[in-house]
Amino acid sequence: MSFGRECGLYIGTRYQGQKAVAEQALSAPGKQEHVAGNLRGPANRQTDWPSIYLTCLLIGFAGLNMTIYATSLWPYTTWVTKQADVAWLGYALAGTSLGSILADPLFGWWQQKTNSKPPLLFGFAVTLIGNILYALLPIFPEAAILYVLVISRIFLGFSSSAIGLLRTFVSMNTLEKDRLLGTAALSIGLTLGLSLGPVVQMAAIPLGEEGFTLFGILMDQYTVPAILMSILCIVNLIIIQFYLHENFAGFAGEIGDDGEAKEDPSLPPYDKVALGVLFYIWCLMMTASASEYTHEVITKHGILQSVQCVLSAIAAILLMKTRIRNIDNRIQLSFALCLFLFASLFLFPWPFFEPAQDFPVPPGQNPHQCDAACLKRRVPMWLYFFSLAFCYGPAASIGVTVTNSLATLVVGPRKQALIQGWMTAAGSLSSFLWPLGATEAFKMDGMRTISLANTSFYLIGLVLIVFYRKRLLPLVIPGRSMDFAA
């Protein structure tokens with residue numbers, strides 16, 4: 001092996017924290033040629049950007065499906081049946097998370113054993129059934145409507161699982177140098193989809209609750225968005241079947257004639273501790289919550305969500321198009337957690353805030369004394385909006401993008417659909433359980449316990465990043481450069 005080749009291998013590691021691994025590989029003559037030959041993909045294996053952009057479109061449709069019913073679920077439920085109550089609303093809301101929790105590991109295993117297309121097709125087909133059931137609720141018997149509603153919501157949770165599949169698709173079909181760029185593009189597509197959901201629902205309001213009948217199907221402000229989503233699901237199925245292609249640019253191993261990816265057995269094991277840290281941070285991103293349920297917040301939530309999504313998209317674009325993407329991933333993650341931490345501190349009911357009207361100060365108590373009355377302070381509305389829009393929005397975009405990208409690099413160029421499935425399931429479970437405790441905590445003492453809990457979780461995340469900073473690095477494989485097509 002030439003001296004220039006040896007220098008190229010050394011420089012190719014690019015990660016100072018793991019120089020020793022690369023140097024050890026270079027000290028074993030003959031072995032590095034064998035390893036490099038096994039691990040490097042075909043010379044023409046490049047990031048298939050048309051397919052990556054199609055995944056951005058698909059994930060946008062999935063995000064749209066997640067938020068389009070957010071503002072109309074309760075009015076629709078109470079309109080379609082008189083038996084609806086808050087308990088059934090809770091079941092319906094939990095149904096989406098439950099569907100995602102059930103589907104995430106299943107889809108990850110399926111994608112691991114085959115490829116991306118079968119579980120994606122199945123996921124969007126189930127989502128199609130969920131939208132159809134939601135649209136046809138008025139034709140079901142009164143006694144069955146609520147049960148059908150919950151079933152439809154469980155099916156709609158499969159669209160959230162499709163998001164995990166699309167993230168895995170990007171990680172397996174992008175070169176490592178393009179990984180962050182592809183993940184950021186996904187974040188933009190998802191953010192736009194999430195932000196357009198309430199807008200599409202609002203556009204159907206002029207139809208009213210009476211609407212009109214077309215081919216025996218009621219077309220009103222509640223059912224038309226569901227019918228539209230059903231059509232989009234069919235479009236998604238066509239795109240996946242005929243236009244989405246996998247070339248496994250981010251995979252080290254052989255690709256059979258049948259498209260099956262065979263993992264290279266010589267790949268070194270990944271760092272499970274580092275991946276565990278990223279799992280924890282991922283759960284934080286999924287449970288980032290600061291909800292104070294007042295009428296004023298609910299009526300203005302549409303504006304807040306729009307601003308938040310715009311800032312999230314801007315943050316993702318900055319990750320794609322500026323030098324920010326060259327900053328160390330650990331610094332980017334720490335910055336995102338710091339933004340979350342600042343928001344939690346802003347949302348703490350400090351003694352100098354005005355007492356909440358829902359929790360009046362007892363007679364004779366000093367409203368500025370740190371006693372039980374301090375627990376019932378209401379965060380000023382302008383500060384609440386600033387925290388959620390300018391802290392939570394960019395932090396969520398940066399945190400989700402970088403955490404997912406770094407996780408794929410830590411695992412390395414192997415099949416990682418099952419890992420991504422469990423990661424998504426962990427996030428879904430966290431987002432399912434956290435609101436239950438946060439709601440009870442808010443009833444007892446307002447935002448105090450919620451803010452303290454969030455602050456503690458984010459501080460733990462920052463400590464983990466600092467403590468394990470030398471392990472939160474991409475997998476270095478002796479004897480090869482970072483990009484397979486190099």
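Positions of Cβ are set from backbone N, Cα and C atoms, glycine also.
TrEMBL entries are annotated by machine, without manual review.
If you look up TrEMBL, you'll see 52-74, 86-107, 119-139, 145-168, 180-204, 224-244, 333-353, 382-410, 417-437, 449-468 marked as transmembrane segment.
When Cβ distances are compared across the two stretches, the transmembrane segment (449-468) makes no contact with the transmembrane segment (86-107), since fewer than 3 pairs at least 6 residues apart fall below 8 angstroms. Among the listed stretches 145-168, 180-204, 224-244, 417-437, the one sharing the most Cβ pairs under 8 Å with the transmembrane segment (86-107) is 145-168. The recorded stretches the transmembrane segment (119-139) and the transmembrane segment (224-244) share 3+ CB pairs below 8 A when only pairs 6 or more apart in sequence are counted, and are therefore in contact.
Across 145-168, 180-204, 224-244, 382-410, the stretch most heavily in contact with the transmembrane segment (52-74), judged by Cβ pairs under 8 Å, is 180-204.
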